[in-house]
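Noted in TrEMBL for the protein shown:
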DOMAIN    300-411  domain 'Phosphatase 2A Regulatory Subunit A helical'
REPEAT    7-45  repeat 'HEAT'
REPEAT    46-80  repeat 'HEAT'
REPEAT    162-200  repeat 'HEAT'
REPEAT    230-264  repeat 'HEAT'
REPEAT    305-340  repeat 'HEAT'
REPEAT    344-379  repeat 'HEAT'
REPEAT    383-421  repeat 'HEAT'
Amino acid sequence: MEEDLDSILCLIDELKSEDYTVRLHAISNLEQIATAIGDERTREELVPYLTELLEDDNQEVLLAIAVRLGDLSKHVGGAEHMACLLSPLHNLASNEESTIQEKAIESLNRISSQLPPPILEESYVPLIQSLATSDWYSARIASCSLFHIALPRLSSAKQNELSQLFVELAKDDTPMVRRSAASNLGKICQTWDSSELTKLFDVLSFDDHDSVKQMTLESVLKILPKHRELISILKKYSRDKSWRIRYAVLENLNIIIEALGTAQDLLNEITSLLSDSEPEVKCIALLKLEIILPKVNVATIETQILPAVEKLTKDTSLYVKLSLMQAICKFSTYLGDEKSIIRLLPVVAQLVKDDSYEVRMSFAENIQNFNAAIGQDKILLFSVPLLMQLMNDQQWRVRMKVIECLPQLAGLLGVDKFSEQIAVPMMKWVEDTAYSVREAVLEAISQITGIFGSEWTKIRLAPVVMQLSTSPVFNKRMTAIRAVRKFTKVIGLDESFECLKSLANDKVPNVRFNVAKTLKDLAGIFENKNDIRKLLGGMKNDPDADVRFFAEDTLRSL
């Protein structure tokens, strides 16, 4: 017990230390001190001393006090005595440092939720009024966050008094104060009738500062389910002169539609934003269509939304056209196959010819949605011709993206239609000038083998590999080696070994040592190890050091 008392006395001494780190340690143990000295001494001695410490210019100390004062509410003798904590917190809430102010506000809100109504009106309301009418804008900012807990527990007269004060804060000369009022408006609306609330939102919606309007929008979204009349603010913001505000409305469209239960109320505004002057707004309007389309009927899509979308094929912005391709392919799901073909295919066909390879590539990226909409029986007639245009695209990234679509197409078309239309050009890609395309097509063939079977692949791939192995082009011979490594069993063990054997004498050392490396990888598959040893035995005497190294390495692994 004596040791505990000594430690408490030590902490009290630390509060008076000139070293701020020592003071911080003591402040972190305020509850321990308060428990030891009792409720009365905490109210009459500890809290006043902490108030004196607020003259400290060290922000870490002030921040710690702002946090711990809220904890002391349990050590002052009950709710009827908590008002003793308000004075120092009033001081801290006026601080210009936002982190200190935020913690002071948190502590004040914790305390105010416990104060009996008489003390709330007698002590807490004057604190709010003092902050709200302060010459310092930081204090007025803080006051906006203190209304929501107090208001519902006040008498009607005090509610009206504070409500009017909040209105004044919403009209404050300082934008940051108005912003704080806007961000807290959604929290206090339960004490206001709809007409007063709408008037105040209207005031804030005319603000010149985007940050104020942004906060107003966020507050509207929080209470929209119970205050549908605020849709007028959303309509106004959809026509706001600031593109960021128009963008913000669209960005929150899923929240808006969920709150309203319909997209019909904002349909005209959303459609007009598809023709916005800012590319960023048009992009998000397009991407948000997938939220709207399930909520409206086909006739509305055809007559109101689709005409606005079709105009965007002539847009000069790359990002708008990318978003358009993505949106169009999702559109198809809601129009049905016949209408998709009539209305959307011309749009897609035009985008596939776009000067930007990214737009052309976007069709391949979104083809799954398009195929699902037009129906499996129409894929060969409409999707495949569009893909065929891209098969020989000058940009290798487009060709690679088309290749990545092929396994899915194989599953949709079936072996006969795929073989007839796509198999031959696909095999030509094995000889593509771009390494990434060659690798992508080998991977695609591997996946298609899993769908159509090994025999299908052997008939088509084996002749191509043998032809590549004798090509005068170095890259093609290297591709033959990679194909043999990936499709050894499909091509056939004998055929694969003969291909590697012929390349073991290639004039290029890189080809020869890749043969040696491949033999190491495939040694477990080939049954006749003597043939491999014999081939590698000759390569051990190769004039190139790398070839000799890999040949010897493979021999050691056998």
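Cβ coordinates are placed from backbone N, Cα and C, and glycine is handled just like the others.
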Checking distant contacts: for the repeat 'HEAT' (162-200), what same-chain residues at least six beyond its ends satisfy Cβ-Cβ under 8 A? 125, 128-129, 132-133, 137, 140-145, 147-148, 150-152, 154, 207, 209, 211-213, 215-216, 218-223, 227, 229-230, 232
Taking all residues of the repeat 'HEAT' (46-80) together, what is their mean pLDDT? 86
How do the residues of the domain 'Phosphatase 2A Regulatory Subunit A helical' (300-411) split into helix, strand and coil according to DSSP? 99 helix, 0 strand, 13 coil
Would you mind splitting the repeat 'HEAT' (46-80) into helix, strand and coil residue counts from DSSP? 27 helix, 0 strand, 8 coil
Looking only at the repeat 'HEAT' (162-200), how are its residues distributed among DSSP helix, strand and coil? 33 helix, 0 strand, 6 coil
